[in-house]
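J.: Okay, here's the structure, questions in a sec.
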């Protein structure tokens, strides 16, 4: 009976050994597999890879393609769609949760490019020169939580930003959105409408500030916390238009982790000044027709006042040193003043003596005799 009792355990061990002995799915051509194909695939094959590999195992969880020349992501590109854009039936990668497509020269993402990836939670399209983005490019991604588009929207212009608004609209479950390094001059309205967004990365853009409408859109109804905002390395203009942003930052510092790195790019008088160190009441508006000189006349903060105080202290110190020098040399100064007084007195006495000599009538010269008086003088013999 004992051997019979041990048979189930032995059978279980045999089943596990058989499962482990089965050959794993082969790694796709031009790709590297780490920990088995279903864990991580990395495909970095240069310009010869012009479309996603077709032989990715269906149980793959993570797929990375770097350095390829994909150029155009057509509809259902990862679900068996062919080069003509025809979609394949069904889902080829039902378990894929992370897809990284950085540095692949992708210029166009068509509608439905990621169809057939129902489990995809993280998508990274950073560092691709996108020029066109379909309004339905991200449709069919109900589980998407993270979307990275860093350094990918610079070349597209306003049309691409408008398409981005349409493409973001269906991503109701999105938590993280990366838009760093895209020369954005405003926040995408669709990004502000994502109800579950937890973090918005807009660093290294061209944001001169956030207007009151954008700040209101960052707040949630019902007291729910709004998304964190990464805002560093933007050319902020610290004029009167920055007052709402400054007030918002001081009330929600924890929502802007890099708030201490926010610095002014204009006006010139406040160049590289930390925004949080400014006094909102002192931020002035430049005249609409003012030039650079008008900009320099804007907002003088506490540091400028401190410089004036320091200058006054330096002048006071110089005056104190001057008084100390006078005090230490008081005897020499008194001697110099006495000598000067005596010299002046001697000079005045000399002037007075000469004046008296000139005024004495006895010392006046005799008047000259007339010319005709010599003929009748007593000794003339006439």
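Heads up, residue numbers simply count up from 1 along the chain you see.
A Cβ is built for glycine as well, from the same backbone N, Cα and C atoms used for every other residue.
Features from Swiss-Prot:
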| type | residues | note |
| --- | --- | --- |
| COMPBIAS | 365-382 | compositional bias 'Low complexity' |
| DISULFID | 27-33 | disulfide bond |
| DISULFID | 31-43 | disulfide bond |
| DISULFID | 238-264 | disulfide bond |
| DISULFID | 240-285 | disulfide bond |
| CARBOHYD | 62 | N-linked glycosylation site |
| REGION | 358-382 | region 'Disordered' |
| REPEAT | 57-80 | repeat 'LRR 1' |
| REPEAT | 93-116 | repeat 'LRR 2' |
| REPEAT | 117-140 | repeat 'LRR 3' |
| REPEAT | 171-194 | repeat 'LRR 4' |
| REPEAT | 196-217 | repeat 'LRR 5' |
| SIGNAL | 1-26 | signal peptide |
| TOPO_DOM | 27-307 | topological domain 'Extracellular' |
| TOPO_DOM | 329-382 | topological domain 'Cytoplasmic' |
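Walk me through the surroundings of each of these features.
T.: Residue 43 (disulfide bond) carries a strand DSSP state (E or B). Counting Cβ atoms from all protein chains shown, residue 43 (disulfide bond) has 23 others lying within 10 Å of its own Cβ.
Under the three-state DSSP scheme, residue 264 (disulfide bond) falls in the strand class. Same-chain residues at least 6 positions away in sequence with a Cβ under 8 Å from that of residue 264 (disulfide bond) are, in sequence order, 236, 237, 238, 270, 271, 272, 273, 274, 275, 278.
If you draw a 10 Å sphere around the CB of residue 285 (disulfide bond), it holds 12 other CB atoms from the protein chains shown. In the three-state DSSP scheme, residue 285 (disulfide bond) is classed as coil.
Taken together, the residues in the repeat 'LRR 1' (57-80) have a mean pLDDT of 88 on the 0 to 100 scale.
Beyond its flanks by at least six residues, the repeat 'LRR 2' (93-116) meets 38, 56, 58-81, 85, 87, 122-141, 143 of its own chain at Cβ-Cβ distances under 8 Å.
Remote same-chain partners of the repeat 'LRR 5' (196-217), defined as residues 6 or more beyond its termini with a Cβ less than 8 Å from a stretch Cβ, comprise 150, 172-187, 189, 227-237, 241-242, 244-245, 248, 258, 265-266.
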J.: Which bits of the chain, at least 6 residues beyond where the repeat 'LRR 4' (171-194) starts or stops, bring a Cβ under 8 A of a Cβ in it?
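T.: The answer is 126, 138, 141-154, 161, 164-165, 200-208, 210, 214, 217-218, 227, 230.
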J.: Starting from the Cα of residue 43 (disulfide bond), work out which of the recorded positions (62, 240, 285) are within 10 Å.
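T.: Matched recorded positions: none.
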J.: Within 10 Å of its Cβ, which one of these recorded positions (27, 31, 62, 238, 240) has the largest number of other Cβ atoms?
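T.: Answer returned by the neighbour count: 238.
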J.: Can you figure out which of 27, 31, 33, 62 (the recorded positions) comes closest in space to residue 285 (disulfide bond), comparing Cα atoms?
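T.: Going through 27, 31, 33, 62 one by one, the closest to residue 285 (disulfide bond) is 62.
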